[in-house]
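Pulled from Swiss-Prot, these are the features on record:
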{"type": "CARBOHYD", "residues": "Asn13", "note": "N-linked glycosylation site"}
{"type": "CARBOHYD", "residues": "Asn23", "note": "N-linked glycosylation site"}
{"type": "TRANSMEM", "residues": "45-65", "note": "transmembrane segment"}
{"type": "TRANSMEM", "residues": "78-98", "note": "transmembrane segment"}
{"type": "TRANSMEM", "residues": "110-130", "note": "transmembrane segment"}
{"type": "TRANSMEM", "residues": "142-162", "note": "transmembrane segment"}
Amino acid sequence: MELPDPVRQRLGNFSRTVFSDSNRTGPEYNEGPDNEMVSSLALQMSLYFNTYFFPLWWVSSIMMLQMKYSILPDYYKFIVVTIIILITLIEAIRLYLGYMGNLQEKVPELAGFWLLSLLLQLPLILFLLFNEGLTNLPLEKAVHIIFTIFLTFQVVSAFLTLRKMVNQLATRFHLQDFDRLSASRGDMRRVRSCIEEI
């Protein structure tokens with residue numbers, strides 16, 4: 001199951017704009033770019049542990065919500081239930097995109113993971129952690145802090161991985177362009193030599 005083409009193209013364009021290294025003037029020829037793996041082991045390990053931590057976070061959040069539900073004002077009841085539902089839905093999508101983007105080195109999926117983490121998950125969990133009106137219990141604070149640490153680490157490591165992936169793709173493009181130009185120059189030389197012989 002892959003992202004629809006318009007979404008992939010927009011995320012690809014976004015990631016090329018944000019993550020490409022503008023200081024580079026040309027491709028680097030240090031290593032063979034076709035053989036280099038750019039997926040991040042640290043990000044993958046974080047995603048792996050996050051998949052096991054998230055059910056624990058969810059169960060503890062539901063239990064703590066049930067314990068303090070009667071003392072919360074009505075608007076906080078609605079807000080907290082909505083946030084937990086949103087975090088649950090977003091987390092499933094986010095982890096899927098993170099796995100696909102990192103393991104298969106797909107830039108649009110990893111960019112989607114990064115955007116969901118930075119723009120949706122992190123603000124929601126920070127709201128749950130720092131809002132004084134929610135009267136957070138100690139277990140709740142502990143699991144929110146751990147989840148925030150996971151998210152912060154994943155945002156930073158996904159950014160670095162995306163930057164590396166985009167630079168590798170740019171290098172591949174420049175090398176293919178160079179090879180194509182070299183081949184066309186060779187063809188032109190052959191045509192010139194044939195014309196000169198005639």
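Note: Cβ is positioned from N, Cα and C throughout, glycine not excepted.
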With the cut-off at Cβ under 8 Å and a gap of six or more residues from its ends, the chain residues touching the transmembrane segment (110-130) are 3, 7, 11-12, 14-15, 18-19, 61, 80, 83, 86-87, 90-91, 93-94, 97-98, 100-102, 136, 140-141, 144-145, 147-148, 151-152, 154-155, 158-159, 161-162, 165
Relative to the Cβ position of Asn13 (N-linked glycosylation site), how many further Cβ atoms are located within 10 Å? 12
